[in-house]
Amino acid sequence: MSVSRCWAVVPAAGVGSRMQAERPKQYLPLHGRYLMDHTLETLLGYKRFEQLVVVLSEQDPYWCDSEFAGDARIIRAPGGSERCYSVLNGLRALQDLAAADDWVAVHDVARPCLRHSDLDALFGALQNTAACGAILASPTRDTMKRGVLHADGTVAIDHTVERTQLWHALTPQVFRYQELTQALEYCLAHQLEVTDEASALEQRQRSALLVEGRADNLKVTRPEDLALAGLYLTPGK
Ligand SMILES: Nc1ccn([C@@H]2O[C@H](COP(=O)(O)OP(=O)(O)OP(=O)(O)O)[C@@H](O)[C@H]2O)c(=O)n1
Ligand SMILES: C[C@](O)(CO)[C@H](O)COP(=O)(O)O
């Protein structure tokens, strides 16, 4: 029986507004190189991936200075107005290359601390499973509260959320090429702007596996996250 090939789609077309930086966060310096290049180096170094689709803003003036701008293993695709549109554009860039049952791993470029060991765990979980896919996730460690916004701008506790089996969804999120593409097309056709790939499959009543991954696979989102990512990426950490 043939082994399904695997592709990676890397949404990298965001503006990083929450980062409040002078450039999109994927192009901020981290240990002397683009944050993005740490992510791409990890993915390019993982031999299961046939090729990477990097989804970039059409106005992106920084990509040309990436260490991997000329890498033949990278296919470029245009970003969209939201992450889900960018991911779909990335999938469509594979339409002449990927087979329906090939795996596609979608990984945020803003998560530079991904380890190959987590990728091994993710693909290991996909062996001999009836699940439609698998995502890296991290169990919540804190007591979780649901807040309510008051007219004066304060937020008060509405109630404590039962946190047993409550997980932070991370990336990569891995699904079959055709099923993920069709699920995203369905969601966007119905104005369901999902924030991750698993949500699109859930809208089609398909459930993925949660594979526990490292909590240091953080998404650099706010200013304080950059220093933390730098610490996690320090050799030997
Ligand atoms: N239209 C978009 C929006 C986001 N992304 C990518 O999706 C990932 C996760 O999104 P997020 O962390 O929200 O990035 P931004 O949208 O850039 O951040 P913000 O929401 O603060 O603007 C990032 O790698 C980002 O580059 C994308 O490819 N296309
Ligand atoms: C895909 C994701 O990283 C999983 O947690 C998250 O949903 C991205 O959300 P964002 O608002 O686009 O950062």
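Residue positions begin at 1 at the first shown residue.
Keep in mind that glycine also has a Cβ here, set from the backbone N, Cα and C atoms.
Pulled from TrEMBL:
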SITE      Arg18  site 'Transition state stabilizer'
SITE      Lys25  site 'Transition state stabilizer'
SITE      Arg163  site 'Positions MEP for the nucleophilic attack'
SITE      Lys219  site 'Positions MEP for the nucleophilic attack'
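With a cut-off of 8 Å between CB atoms and residues at least 6 apart in sequence, the same chain places Thr221, Arg222 near Arg18 (site 'Transition state stabilizer'), listed in sequence order. By the rule that a residue counts when its Cβ sits under 6 Å from some atom of ligand 1, the recorded sites Arg18, Arg163, Lys219 yield Arg18, Lys219. Summary for the recorded sites Lys25, Arg163, Lys219: the Cβ-based neighbour count within 10 Å is maximal at Lys25.
Cα separation, Arg163 (site 'Positions MEP for the nucleophilic attack') to Lys219 (site 'Positions MEP for the nucleophilic attack'), rounded: 21 Å. Among the recorded sites Arg18, Lys25, Arg163, Lys219, the residues whose Cβ sits under 6 Å from any atom of ligand 2 are Lys219.
Rounded to a whole number, the distance between the Cα atoms of Lys25 (site 'Transition state stabilizer') and Lys219 (site 'Positions MEP for the nucleophilic attack') is 10 Å.
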